[in-house]
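Enquirer: One structure, as structure tokens, below. Some questions next.
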Amino acid sequence: MVQSFDLLLLFDYIGTMVFAISGTLTAAQKRLDIFGAIFIGFVTAIGGGTVRDIMLGNLPVSWIQSNNYFFVILAGILITILFKKHVIRLRNTLFLFDTIGIGVFTVLGLEKALAFGISAPIAVIMGLSSAVVGGIIRDTLTNEVPLIFHKEIYATACITGAIIFLIIYYLHVPEVICESVTVLSIIGIRLWAVKYNITMPHISLSEKE
Amino acid sequence: MVQSFDLLLLFDYIGTMVFAISGTLTAAQKRLDIFGAIFIGFVTAIGGGTVRDIMLGNLPVSWIQSNNYFFVILAGILITILFKKHVIRLRNTLFLFDTIGIGVFTVLGLEKALAFGISAPIAVIMGLSSAVVGGIIRDTLTNEVPLIFHKEIYATACITGAIIFLIIYYLHVPEVICESVTVLSIIGIRLWAVKYNITMPHISLSEKE
Amino acid sequence: MVQSFDLLLLFDYIGTMVFAISGTLTAAQKRLDIFGAIFIGFVTAIGGGTVRDIMLGNLPVSWIQSNNYFFVILAGILITILFKKHVIRLRNTLFLFDTIGIGVFTVLGLEKALAFGISAPIAVIMGLSSAVVGGIIRDTLTNEVPLIFHKEIYATACITGAIIFLIIYYLHVPEVICESVTVLSIIGIRLWAVKYNITMPHISLSEKE
């Protein structure tokens with residue numbers, strides 16, 4: 001179990017750093033100043049876990065209890081500011097780590113909710129929040145309708161992964177296998193959706209459609 | 001008292017469902033995808049109570065401690081997505097239940113704050129937050145200035161109702177009567193304001209006005 | 001120490017009132033109605049401390065535990081609504097008190113974080129959050145990219161001040177001196193930056209720049 005946790009933790013840090021990079025890049029595209037970029041980088045990285053921890057009552061929130069997240073995020077932000085051209089060229093690598101990140105965040109959020117005795121459907125929401133709320137805050141602060149509300153299969157991958165986790169978890173499959181299968185499912189669904197350009201249907205209010 | 005509480009709880013569920021419907025409709029008008037609609041439906045329904053619970057320290061927040069809210073909200077969202085044309089035609093009914101909802105949310109928020117030993121003026125703010133914050137989050141996430149800041153007597157109805165509650169509550173009027181009078185006052189003020197198209201004055205910064 | 005605290009508390013109230021005034025003025029510029037102005041005035045004044053308290057787990061949040069903040073904020077809002085032309089003419093005075101306010105908020109947030117056993121780098125973030133989050137919420141709710149992300153040395157002044165505080169605090173300089181030096185540093189940096197029109201550099205993503 002320890003091994004599984006260590007690997008999860010490693011990917012948690014990598015995911016956090018990639019989220020910080022994504023926030024910093026978004027801020028740069030919006031022509032914010034360096035402080036704006038640092039701030040948006042931070043909240044993108046810690047937003048999801050923070051909102052989850054607050055709703056669960058797990059306070060002080062996780063990231064302020066250890067300096068590790070702080071330094072991982074700061075590293076992501078500084079790398080982006082200093083080497084922005086190179087970072088932008090790593091688009092595909094970043095996309096992959098971002099996808100691994102949301103898989104890991106979903107699993108960690110789900111497990112934390114279950115540890116707090118939260119029921120299965122709400123635990124799915126907590127897993128999802130961990131993965132998507134950072135990006136929603138990033139887009140709201142830069143005055144955009146959150147990307148996740150109108151583009152890409154992203155949340156759907158997390159929700160599907162979370163449901164898979166719960167099913168095999170309640171079948172007493174060992175936790176490390178639950179975690180691996182879930183993260184791989186989320187990655188698989190997202191890559192598949194992006195490759196075939198699959199998006200969620202929109203709801204129309206017009207009579208004709 | 002049990003009877004009063006049961007009725008309040010019933011209207012709490014109805015109000016929550018109507019808020020979920022309102023969020024889903026707003027998302028559809030903004031041409032968000034189905035996930036966006038579900039997400040906005042959820043946060044509109046639980047936003048007010050969540051912010052109130054967090055500020056009071058009532059954690060984990062109420063809605064994650066029971067599955068009832070989850071299923072009520074999900075039902076509201078699914079009904080809207082599946083039967084959107086019919087839902088839109090029910091505008092007047094929805095408006096009425098929305099109005100009952102904010103009345104009930106105000107009373108429940110107020111009572112919860114008082115139970116936490118919060119002073120009267122702050123308890124009014126907690127009642128108001130329960131009723132209006134969900135809609136503010138909905139509008140912010142869909143990149144609009146919150147409707148409540150520039151249209152309709154809505155918050156004013158809640159504040160007036162909350163003050164009426166406190167006055168008769170401290171006069172030792174039985175709680176069930178306090179609750180009923182408050183909810184009916186809020187409904188009355190809002191219907192009256194909408195009927196006569198009464199809005200709050202704006203503040204102008206120009207010298208001429 | 002008591003004396004230092006009293007003076008800090010006085011400036012805390014003044015800063016809170018100035019933040020309420022700034023929120024109310026922003027709402028008026030956006031042509032929101034009176035409720036909108038009151039709401040924005042409130043969240044601008046209490047936003048930073050509220051988010052800090054929630055992340056630390058210091059609940060119920062400070063401002064709902066005493067009526068003082070409520071009345072200070074209400075006074076600021078009412079003064080702005082009633083005497084808006086005069087308030088606008090006091091621009092320079094307001095700017096000065098706003099600057100004192102962010103200095104004091106930074107110190108109070110920092111000290112509260114340290115009292116919660118939070119590490120130095122995260123305590124800096126908590127100090128900064130106390131000072132800037134209210135304004136970020138104000139701008140987000142009025143549908144603007146937060147001013148602080150693209151204008152003025154403001155956050156940088158708070159961060160520099162917070163680091164100065166920590167250095168001299170760990171050198172066992174008496175707390176009252178730490179507090180005074182920090183607040184004066186923050187004021188000094190901001191006034192200097194505004195006088196010489198110094199801003200943070202922007203990050204550019206274009207190849208040419």
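Residue 1 is the first one shown; counting continues down the chain.
Including glycine, each Cβ sits where the backbone N, Cα and C put it.
These figures come from a predicted structure and were not determined experimentally.
Sharing the features that TrEMBL gives for it:
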TRANSMEM  A:6-25  transmembrane segment
DOMAIN    A:10-84  domain 'Glycine transporter'
TRANSMEM  A:32-51  transmembrane segment
TRANSMEM  A:63-83  transmembrane segment
TRANSMEM  A:95-116  transmembrane segment
DOMAIN    A:96-169  domain 'Glycine transporter'
TRANSMEM  A:122-141  transmembrane segment
TRANSMEM  A:153-171  transmembrane segment
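Help me picture these features in the structure, burial and contacts included.
Expert: Proximity of distant same-chain residues to the transmembrane segment (A:63-83), defined by a Cβ-Cβ separation under 8 Å and at least 6 residues beyond the stretch ends, is recorded for 13, 16-21, 24-25, 28, 34, 37-38, 41-42, 45-46, 49-50.
Here the transmembrane segment (A:95-116) has Cβ contacts under 8 Å with residues 8, 11-12, 14-19, 22, 48-49, 52-53, 56-58, 122-124, 126-132, 154, 157-158, 161-162, 165-166, 169, 175, 179, 182-187, 190-191, 194 of the same chain, all six or more residues outside its ends.
Across the domain 'Glycine transporter' (A:96-169), DSSP helix (H, G, I), strand (E, B) and coil residues number 60 helix, 0 strand, 14 coil.
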Enquirer: What same-chain residues lie close to the transmembrane segment (A:122-141): Cβ under 8 Å, and 6 or more beyond its ends?
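Expert: Those are 19, 22-23, 26, 40, 43-52, 55-56, 101-103, 105-110, 112-114, 147-148, 154-155, 158-159, 162-163, 165-166, in sequence order.
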Enquirer: Grab the same-chain neighbours of the transmembrane segment (A:32-51) for me: Cβ-Cβ under 8 Å, and only residues 6 or more beyond its ends, written as numbers and ranges.
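Expert: Apart from its flanks, the transmembrane segment (A:32-51) reaches 16-17, 19-24, 26, 61-63, 69, 72-73, 76-77, 80-81, 105, 108-109, 129-138, 141-142.
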